[in-house]
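Q: Sharing the record's features from TrEMBL:
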REGION    1-51  region 'Disordered'
COMPBIAS  1-14  compositional bias 'Polar residues'
COMPBIAS  16-31  compositional bias 'Basic and acidic residues'
COMPBIAS  39-51  compositional bias 'Basic and acidic residues'
DOMAIN    58-138  domain 'KRR1 small subunit processome component first KH'
DOMAIN    140-173  domain 'KRR1 small subunit processome component second KH'
REGION    222-250  region 'Disordered'
COMPBIAS  222-234  compositional bias 'Basic residues'
REGION    277-310  region 'Disordered'
Amino acid sequence: MASSKQNGPTTASGKSELRSPKPTSENRDESELLTVPDGWKEPAFSKEDNPRGLLEESSFATLFPKYREAYLKECWPLVQKALNEHHINATLDLIEGSMTVCTTKKTFDPYIIIRARDLIKLLARSVSFEQAIRILQDDVACDIIKIGSLVRNKERFVKRRQRLIGPKGSTLKVRKVVLDTMKNIHPIYNIKTLMIKRELAKDSELRSQSWERFLPQFKHKNVNKRKEPKKKTVKKEYTPFPPPQPESQIDKELASGEYFLKASQKKRQKMEAIKAKQAEALSKRQEERNKAFIPPKEKPVHLKKPKEASTETKIDVAALKEKVKKAKNKKLGALTAEEVKLKMEADEKKKKKK
């Protein structure tokens, strides 16, 4: 029998007891292990890392809309050339409207098929070849966010989607910004936070500290008030008992006594009710016609009494006549009594001298 080796000393029960290694000078501080030196880049995955290749073939397929057919047919040779460098086969089926990528025996990178899948998804979603081919690089990633079901109202959806579209159709590249925008939070708030974080990351002293005191705190305010209905329905008080059953036609006839009448009597009552309704309608019509012949009510005329002339405002007629005569004499050039006497005396003196 082969004896099993144990890594540590055994106890009385025969079980091995594991002990943690003693701290040596090789053990480094945790803060040093977490920090990444400036300018460091992860080495690219090469064939030497996986010389035997992949065990099984993997493939992905995606559909594309009809309007992308002409563009894909034009740029498909470039897509095949870029994927052949990574030993990935790509096929374009114009009949089914699909694109397929699959690995080969020469493929050594196990993650390249995921990047090729993202490439055909981006091409199907109207991303240009120049931008989509960058997904094959190790330091580039993509995230496809389905925003169609986030907002029910179509007008609100179009307005909020317009906030995400940047210059020349380029969209924002942060998932949180996109999702918050569809929740009616403007992207400027998240973009400002990202700008502050980028500036703080440049400071080596602040990398290991909390940035909450530097980041702005935005409160979401819902401006749109809920519209209240015009007719408010008042809820009735809950009762465990069901509502009373409505009376049937037979019950109503039994209560009024019509149930026991003969058919001829019932017919006579119906005719009388119809005639009463007709007479009432006829009287209403006659009243409306007679309204046109009723004269409107005239307002009573109140005669005003002549006002008596006050004693203070009485006019002296004799004085007024004298003023009128004087005015006429002045207008006609007549002389006054004194002027007449003086003229007569002057005439007499002339006669005596002669």
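The chain as shown is numbered from 1 upward.
Note: Cβ is positioned from N, Cα and C throughout, glycine not excepted.
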Q: How does the model score the domain 'KRR1 small subunit processome component second KH' (140-173) in terms of mean pLDDT?
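A: Across the residues of the domain 'KRR1 small subunit processome component second KH' (140-173) the model's pLDDT averages 74 on the 0 to 100 scale.
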Q: Could you give me the DSSP helix, strand and coil counts for the compositional bias 'Basic and acidic residues' (39-51)?
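A: Summed by class, the stretch gives 3 helix, 0 strand, 10 coil.
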